[in-house]
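Below is one structure, written out as structure tokens, with a few remarks after it.
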Amino acid sequence: MSLKIYVPLDSGSIALGADDVATAVATEIGKRNIDAKLVRNGSRGMYWLEPMVEVETPTGRFAYGPVTPKDVASLFDADFIAGSDHALALGPTEEIPFLKKQTRLTFARCGIIDPLSIEDYRAYEGFAGLDKAVTMKPADIVKQVTDSGLRGRGGAGFPTGIKWNTVLGAESSQKYIVCNADEGDSGTFADRMIMEGEPFVLIEGMAIAGIATGATKGYLYTRSEYPDAIRVMEEAVKVARAGGILGKNILGSEYDFDMEVRTGAGAYVCGEETSLLNSLEGKRGVVRAKPPLPALEGFMGRPTVVNNVLSLASVPIIMDKGADFYRDFGMGRSRGTIPIQLAGNIKFGGLFETAFGLTLGELVDDIGGGTATGRPVRAVQVGGPLGAYFPRDLFDTPFDYEEFAKRDGLIGHAGIVVFDDSVDLMKQARFAMEFCAIESCGKCTPCRIGAVRGVETVDKIAQGDDPDGQIELLHDLCDTMKFGSLCALGGFTPYPVLSALTHFPEDFKPRALDIAAE
Amino acid sequence: MSLSVTTEEMSVRVGAIVDACAELEGPLLPILHDVQKEFGFVPQPALQIIAGRLNLSRAEVHGVASFYHDFREKHPGRHVLKICRAEACQSMGADRVADHARRTLNVDWHETTNDDAITLEPVYCLGLCACAPAALMDDKLVGRVDEDRLDTLIAEARS
């Protein structure tokens, strides 16, 4: 067997030069006539080390990074293919503290395998969950997922098993599984990493969901901003179909399930499930009123499971290792593991999968190493553009759905964006309103008009036009948006605004705002 | 290029795209994506052709095309530069980079430079939040972009 050299194809790695590194590695392999194979793997999720090159040695994998094309010749000169020392040597990959401290269940194989190799996936216990599911009754699968305590990882945290049970119980000649891969929250990239680095786990999860609920057709709706993820997913679907994982009689069973990859068109609101369904049907991505629930009347009016990428990608291990195994991780009502994304102004940015329960401070200061700029951390926004800004005073908050809600925050899709002390929270509050105005689907007045008025109100505070009155008005406006909007866009935009007002009142003073207007 | 496309030619090319998507459930977004890929934007006459084929009104197709930020009504420059304006990138100086781009290119968001080389667009998250700020030049993703890096990208695009 020839030696393997790994250079990630993850778009985060590519954005830092991985394609050029891969070309340089291939050139050196040819020039030096070495019996080695270049494998494009997913990312391990340590972006300060990307592009991170790995080699497989008899004593395990060794990592080097961050590698630039001009380092490649010297790596070969230093005999890095034997795991030898070099200025960029990081030692055995699994021993890197950031990785070693994690509990990787959903991301078990991400960064390890060739994303498009079924053999690689199988070699690392891939499809073990589906193998079991095809021998089970749908109701038993649903029970196992329910018992695992898995909750929707898209942000709402609704129990996955209960949603599946509703679809299972619905009578219809056609049901659907829709994977919500419209990961538009700033600070999040876990869905993208799974799609690029381990697409089969998502396909496996969707197929299991199909078997469990009686759905034979699936759609993965992702973003046009993720061209690499689209390419890998589409290829993976073809490979899975050719390998008998998708299509008629999957894995030789009585069950049929097939799927398609669809691309959104730059509308943030389409990450909301009913808006996504409209978009998938070829309509404007306008939010639908609930009820009817998508589980009963979803895509094309048929019973539909709409689940986030991470929820579906967590299903295979639950089927393989059992509900208890998964449920034993976590705290309170937040069971299992959560892939936390450390982003923004952070020294060690990347993906950190761990059981629920670490505190925000542990995540930002200990694991993330504080800011990239070296300045003090002043605020973190958790849960995307609709999440609250937390000050250091709240760094003892454990990462858990309920604990964050208690402090008027949300974990959302588990992205944490770190800001140093140069952040201006009045500007961030204005941006939250501006973003809502740009992305509002227009259905509800509080969101459509309120967001525009919100921007104007913040501008008036900055201009010194009755600032105290405007702040009161802003609170009132946030109340109206929170309680008068159909979906989370209008309903949750108040979170960043109110948290900025509550925790950083000193920033809301008349002065010139440095705004890059849209 | 597309500007000189005759009505007949447009009808044939758009028709072929619609036909290729005929079997899909909810075909309109895939059709609009393919039309934009074909012409660089979604030409007005294409809306009527699509509407006719899908048994929709032109207004319905226009409503969908105009809802989504991706679909353009006019031809962009030879290159499209997207700069992320979302929070994670803001925390690493994206506003500064964006201001630099607007000054250097002498355009505002959604505008094209005088030499027709570059159209500047905002984007809200490329999923590169751990290597911010991020930009996208056509299909090329760039992480940790700063003013110098941006100047190089712009120079490459113009050469």
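Note: Cβ is positioned from N, Cα and C throughout, glycine not excepted.
Look at B:Cys84 ([2Fe-2S] cluster binding site): DSSP puts it in a strand. Look at TrEMBL and you will find B:Cys84, B:Cys89, B:Cys125, B:Cys129 tagged as [2Fe-2S] cluster binding site.
The candidate set comprises the binding-site residues B:Cys84, B:Cys125, B:Cys129. Of these, B:Cys129 has the most other Cβ atoms within 10 Å.
In sequence order, B:Cys129, B:Ala132, B:Pro133, B:Ala134 make up the list of same-chain residues 6 or more apart from B:Cys89 ([2Fe-2S] cluster binding site) whose Cβ falls under 8 Å from its Cβ.
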